[in-house]
Amino acid sequence: MNSISKSQLAALLLIADMFELFCFSGNMSLQTLYGVLAGIALQLLAALVLAAKGTELKKCAAVFYLAYTVFFGGTLFSALWRTSGAVYIPSESGSGVSGRLLTAGLIALVCLYSSSTGIKPVARAAVIAAAAGILCLGIDFISAVLNAEWGNITVPEKRGLFYEIARGAALSGSLGSLVVLSGAVKGERSKAFVWYFAAKAIVSAVLILTVLAVSGGIMSVTPFPVITAAQLSQPFDAQRIDALFLVIFAVFAVFSAALQVMTGAYLIKQIFPRFVRWRSSMVIVFIIGAALMISGRELLPVRACAAAAALIFAPLGAKKSAA
Amino acid sequence: MEKGGLLPSLDDSIKEIRRISGGSSDLLINRFVTGGIHCALLCCEGMVSTSVITELIFEPITDIPQQKDSHGLFHYINEQLLLSTDRPQVKDYDTLFKLVNSGFAVLIAEGVDFGLAFGVQGYNSRGVQEPSGEGNIMGAHEGFTETIRTNMSQIRRRLKSPELVMELFTKGEKSRTDLCFCYMKDRVPKSLMEKVRRSLDDVELEAILTTGYLRPFVENGSFEIFDSTGTTERPDVLCSKLIEGRVALLVDGVPYAIVIPRLFCESFQTLDDYAYKPYYAVFIRWLKYAAFLAAVLLPSFYVAIVMYHPELLNSTLFMLLVEAEKKAPLSILTETLFVLLMYEIIREAGVRLPKPVGGAVSIISGLIIGDAAVNSGLVSTPLLTMTALSVLGGLVVPEFNPQVTVLRFIFVIVGGILGLFGISLLACAVLVNICATEDYGFPYTAPLSPFKRKGMGDTAVRMGMKKMQSRGFTVEEYHE
């Protein structure tokens, strides 16, 4: 695999994490933030153990992470279908199942092209996309501050902390890619992991706090709090800037899907070295199949369990390095 | 072409030359006797200077004293006469024709199987003029010409260092085009030089008539929207590239040099940036970035927002657009495509037509068609404004014109079908394609991604000359 830099890996994974947060459904509270941060801390611990081990995965671990990638790729497309009405994708809102398949097909097509160019170009593009995304989100959420009610942050949550930790852990779609792509990172892996998880924690915290401040008051009637917050955050009286969010949403969706596809294709290569062609296409087909099976369900417990299993497998599934 | 050595018999040799040339009318064979030896001077009509050949070749040669044989004659010419500075020896017909057709006069004599060539080139060529495509206010007003040696001299005049190497060689089975490989030997990455040389070894073209014939050989074979090699018609720009460790390729007959490698951000840099104060240069540079984005995306955003996302407009603007589009008989997508196509047709007509007619085309298109289209309601004024802005934006970075033109059309179509969602998807694909553009290990998107902080000093901003002086930048820093 071609080598990528720490910042490129961080950008790729952050985009996937941000997209999961965009599609986050249900109520949000301060405890959600604690849950997400706890989930990040757990992942960081497992990643640091992984960093001390070898970069190559055992075959059983590769199979597990392939299944993990396909499953989380499926949840990604499923989340995209769920949220597409809220962010307004023309073909999607037009005609039910065919519209959904068209949306998925278009994203798959771009993913297929992206993955065909290799990890390096996608990683380079991800840095630009992440920078542009953070800039646009910054504009969106700085304007959100004008409409924010900071009292909303402390609105009590009915569910317990354990549930929120499970929800936080479920936002781990990029974990498989982290384990697989970490072997391609130039330089010290542990530094790359700390860098990435710190960035993830900061961005998640800023995002969740802003969302709480903006849409905390209407949280009970908000299906997708982050999207609602973006829609409520208008810097000008007579001008809406939802377009910025829609653009970022679509761009992040593509890169998130491309990340899963490339990870899956790499794992297929590792499991079946003789299987040379159509690897990316096959992963995309599996992912869309998984999305159809998930059919819009959130499957929080399954995702949380899968993330926990991935955390355990990460250090156990790595082959010992020659050093 | 005949590879055989020259025949020692003058008559046989001239017969052979006539046979190879097929009796071509522009091959001049002047037979004469000097020093008691039968000789012939060969040259190509129109390629040599008549005055130079008379003064520097004929006059001294006819004064040669009696020689005992042809070897003595050639020895005398070589040792006693300085007929020209460029005097290669000709041993076969292949070289003979190459030199004669390049403006050399070749002397052959009875009894010797080699000839002497004298550089007396004197063909008509365009003089050094201001470059037509790379306008500059504060920099030099000299551009490359069609003559490779003039171009080489223009570079040498600006870089007098012995580290500048210019290697001449020929390519093209039929055209025998002179090419010049230029580099600064203390700056260029050795691997880059070797790889470019290897790429050029693959060139087996019959003719090289423009830089476009060679560029595919020195570019990555995969599909790239943007070129990973650049061209310039300015010697000063080329010199700055050579100092940065790039290699350049001059092609005889073409007033452009190929620069390898080329980066995306370079297309937004001009020599004028370094003539103005940094703050103004930074302003102009960001203006160009914005203009490029507007050139590609403005019409598509207009179409997408008006067709699918009108809620993004404020009420005043929305009402204005509704009012304007209400009269238009075509859908917004068709209308936009129509306007863009109309512009491209007018532009192409303006470029290809003779200049006096070109002016008439501008009047007809701008005043008559444009005005009539708006007045008749065929095209709405806001759309025409957006298109005009987009087209103007594209002209700010002329190097990207082919890419901008095609991308603009594709983005408009996608925006018209899928709205902002489609534009975002296409933007992702284009972004990945740009990031995948890489030649000889130099990423096209450097120093933005992969991020190189040092390079951002002349990309995002334009740092002062004093700071640049201490930077010692070479393109090798971007190598991955």
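Cβ from N, Cα, C; glycine included.
Curation plays no part in TrEMBL annotations; they are all automatic predictions.
Residues or ranges marked as transmembrane segment by TrEMBL: A:33-51 (among others).
Sequence-distant neighbours of the transmembrane segment (A:63-81) (same chain, 6+ residues past either end, Cβ-Cβ under 8 Å): 16, 19-20, 23, 57, 92, 100, 103-104, 107, 172-173, 175-177, 179-180, 253, 256-257, 260-261, 263-264, 267-268, 271, 283, 286-291, 293-297, 299, 302-303, 306, 309-310, 313, 317. According to TrEMBL, the transmembrane segment annotation covers A:63-81 (among others).
Counting same-chain residues at least six beyond the ends of the transmembrane segment (A:93-113), those with a Cβ under 8 angstroms from any Cβ of the stretch are 77, 80-81, 84-85, 253-254, 257-258, 261, 280-281, 284, 287-288, 291. Taken from TrEMBL, the feature transmembrane segment covers A:93-113 (among others).
Annotated transmembrane segment per TrEMBL: A:125-145 (among others), in sequence order.
Long-range contacts of the transmembrane segment (A:165-185) within the same chain: residues 1-6, 9, 12-13, 16-17, 20-21, 24, 26, 32, 34-40, 42-43, 47, 50-51, 55-57, 65, 68-69, 72-73, 75-76, 119, 192-193, 196, 256, 259-260, 262-263, 266-267, 300-301, 303-304, 306-308, 310-311, 313-314, 317-318, each at least 6 residues beyond the stretch ends and with a Cβ under 8 Å from a Cβ of the stretch. Marked as transmembrane segment by TrEMBL: A:165-185 (among others).
The transmembrane segment annotation in TrEMBL covers A:197-224 (among others). Within the chain, the transmembrane segment (A:197-224) has long-range Cβ neighbours (under 8 A, six or more residues past its boundaries) at 10, 13-14, 17-18, 21-25, 27-30, 32-33, 36-37, 40, 43-44, 47, 82-83, 86, 134, 137, 141, 144-145, 147-153, 155, 232-233.
TrEMBL lists A:244-268 (among others) with the feature transmembrane segment. Long-range contacts of the transmembrane segment (A:244-268) within the same chain, counting only residues at least 6 positions beyond its ends with a Cβ under 8 Å from a Cβ of the stretch, are 1, 12-13, 15-16, 18-20, 22, 57, 62-63, 65-66, 69-70, 72-73, 76-77, 80, 83, 87-89, 107-108, 110-112, 114-115, 119, 122, 125-126, 129, 132-133, 136-137, 139-140, 173-174, 176-177, 180-181, 227, 230-231, 275, 279-280, 282-284, 286-287.
If you look at the transmembrane segment (A:275-294), the same-chain residues 6 or more away from its ends with a CB under 8 A from one of its CBs are 69-71, 73-78, 81, 104, 108, 111-112, 115-116, 257, 260-262, 264-265, 268-269. Residues or ranges marked as transmembrane segment in TrEMBL: A:275-294 (among others).
If you look up TrEMBL, you'll see A:300-318 (among others) marked as transmembrane segment.
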